[in-house]
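First up is the structure itself, then whatever we jot down about it.
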Amino acid sequence: MVEVIDGKLIAASVIQTVKSATAALEMVSGVTTGLAVIIVGDDPASHAYVGSKSRMAKECGFKSVQHTLPAETTQEELAGLVATLNADPSIHGILVQLPLPKPLDSEPIIQSILPEKDVDGLSVVNAGKLATGDLKTGLVSCTPAGAMVFVRRTHGEDLSGLNAVVIGRSNLFGKPMAQLLLNANATVTIAHSRTKNLAEVCRNADILVAAVGRPEMVKADWVKPGATVIDVGINRVPAPEKGEGKTRLVGDVAFREVSEIAGTITPVPGGVGPMTIAMLMANTVIAAHRAAGQVPPKF
């Protein structure tokens, strides 16, 4: 019988740890964890996402600051705000909501955030720390960090002897996910759109992570019996059964058929998704502990 991972439940337990750690830090050192979120322009999806991040930060007991800037904000103005937040000791995490409206260039903005405040884990310094196995001072990108919580809950801390395949090589997810698996001693293969015999490569995986943005691409015959399958894809597909023009969310894995083969699987929605915001909160409270010279909590 397959185990379907309840992402909402595990995210809630992460948030519980964040709340306890936030309160303990305040009690021991008088430091209130601070998160600043910057949003530029009026994209409704971005505003909804930022709203949920800010609400969650307040729920965790953080000082939560939201900077809403007009679409015509210049590169210099945005860079200036980041510099101000970098210099503010009451802010431990800085998040710039992407994508930025054109013609703003997000890359120099992201790289200008102090690595110790880069709670999205997107700076080249944090990417480099992960690549060299430094998980003590770096911050890890939230979605792979969340997916890794699932892997550890199923397989433990040490993945020695297990084969892991990550489909997707993005800087945002695929590469950091592979590094995390490698740091835990898994034997890791990164597959992608140019990989030959992709199904065959996937069939060797004890842990299969799909992050390519192709609806239900991973079929049952790609999966080793009993494997752990982590589905990071979020795809909208037509759902005529719901009515004309309606859509539904599916992952990169054909959930129903793969559930017959896998040992453990994450659903879409309700799997990796809820973990992303939870791990953002985790990174922020970790950053606050480090800034205060305290030992950060483990997730």
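Cβ from N, Cα, C; glycine included.
As given in Swiss-Prot:
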BINDING   Gly168, Arg169, Ser170, Ser193, Ile234  NADP(+) binding site
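Feature map: annotations from Swiss-Prot on the structure.
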residue	record	DSSP (3 states)
Gly168	NADP(+) binding site	coil
Ser193	NADP(+) binding site	coil
Ile234	NADP(+) binding site	coil
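Each of the binding-site residues Ser170, Ser193 was scored by how many other Cβ atoms lie within 10 Å of its Cβ, and the smallest score goes to Ser193.
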